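The feature substrate binding site is assigned by TrEMBL to Lys110, Lys134, Ser388. Residues annotated as active site, proton donor in TrEMBL: Lys146. Annotation source TrEMBL lists site 'Important for catalysis' at Asp186. Here TrEMBL flags Thr229, Asn260 as NAD(+) binding site.
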Amino acid sequence: MVISNPIWIWDPNSSVPSQHRPFNSPIYTHTSLLQASHTNLTLTMNALAATSRNFRHAARLLGLDSKVEKSLLIPFREIKVECTIPKDDGTLVSYVGFRVQHDNARGPMKGGIRYHPEVDPDEVNALAQLMTWKSAVADIPYGGAKGGIGCNPGDLSKTELERLTRVFTQKIHDLIGVHTDVPAPDMGTNAQTMAWILDEYSKFHGHSPAVVTGKPIDLGGSLGREAATGRGVVFATEALLAEHGKSIKDLTFAIQGFGNVGSWAAKLIHERGGKVIAVSDITGAVKNPNGIDIPELLRHKETTGSLKDFQGAESMDANELLIHKCDVLIPCALGGVLNRENAADVKAKFIIEAANHPTDPEADEILAKKGVVVLPDIYANSGGVTVSYFEWVQNIQGFMWDEQQVNNTLQNYMTRAFHNIKSMCQTHDCNLRMGAFTLGVSRVARATLLRGWEA
């Protein structure tokens, strides 16, 4: 028997893959070695430290009792299971599967399942906690969770991935559920993974389409889910710009990351008349001061698998994109990309955090002194979990919405959340990041106290 024992380092890219992306697509191959080279223990510690710092700062602003503060930090449950499967060649291999369930004061716990060889359990704990605050900021009735399996999906066949997913589901089926914990896709997983979890879970509990979100449309997935995170980023951007008397059509944009989130954000900004002047991803970077034809760039990438050699723009150094002259910078890929080395050189007036934790604490301070407005990830990329909530609601009702209803309702939620954040900023005299954290933490704390946590 081969025992898989990876060195665990977190890769914070959490773009939700396409609902219909096959398992041999780049989402399953580029996240192992190429992105891992960009992540390190320093980034992991920065992300953990930033999460803890932001929570404690919010707790101080809210005047939370120290016992309540400690209670909100400790996870509700941590699950770790062995998953042994036969490979296609007949050998047995074992992987470690896990699930961190952080808080259920406001409703069932919610968060992605990732398949990746380098996953740090402490980081997953922090991400589960962030899901608690993110759900509360969006005002959807969920708590936070996160989990996955330490494997490289690019090294496994589709049948091996199915076996692994089913064994993992068998081990945790009593600990997840429609009103307990609702998983979703994350890095290295997709709609097909969710379909296998649904099927295996239903063998034990009867047909339960609401047990996972991000499913294929044919199994109860929601229209609009694939574009939800990118669309939510655009709605959040519109709300922020309106506050400053500006609109998308008058501004220039640079987008780092052209996967699911980045490509949808670019497409929707282009449709609204915004000028996307620079785009980068793992394959390269391109720029055009007159604006890139995004539909053409999407076709080029679909055909070639790369941004390179695109005729409608000139190539540029991918590292230069973050400091490229533009009005709005949207990091959609890795965490920690804005740091003390490059923050002082950022020329954008607004930064929309579509990625998880793209700005480290030192960069935050530098950008604040420069007067750059940062829209935090805890709000900006919450469109995905919000439409996951809509999918869950549709499954429970047994009544599906059309795509226009999904998109309109998402816009209402994103706009309302922004105004709630601004209200907290005014109450506590703080920036948007602290406004979002105080909003999320206060809602969870209030629910916890109302339920009688000391009993």
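Each Cβ is built from the backbone N, Cα and C atoms, and glycine gets one as well.
Put simply, Thr229 (NAD(+) binding site) is 10 Å from Ser388 (substrate binding site) when counted between their Cα atoms. Recorded residues Lys146 (active site, proton donor) and Lys110 (substrate binding site) have their alpha carbons 7 Å apart, per Cα-Cα distance. Within 8 Å of the centroid of the Cβ atoms of Lys110, Lys134, Ser388, where the record puts substrate, the same chain has further Cβ atoms from Gly111, Met131, Ser135, Ala138, Ile140, Tyr142, Gly144, Ala184, Ser382, Gly384, Val385, Thr386, Tyr389.
Here the binding residues for substrate are Lys110, Lys134, Ser388. Their largest Cα to Cα distance works out to 13 Å. The Cβ of Asn260 has fewer other Cβ atoms within 10 Å than any other of the binding-site residues Thr229, Asn260, Ser388. The recorded positions under consideration are Lys110, Lys134, Lys146, Asp186. Their Cβ neighbour counts within 10 Å are lowest for Asp186. Considering only the recorded positions Asp186, Thr229, Asn260, Lys110 (substrate binding site) has Asp186 as its nearest partner by CA-CA distance.
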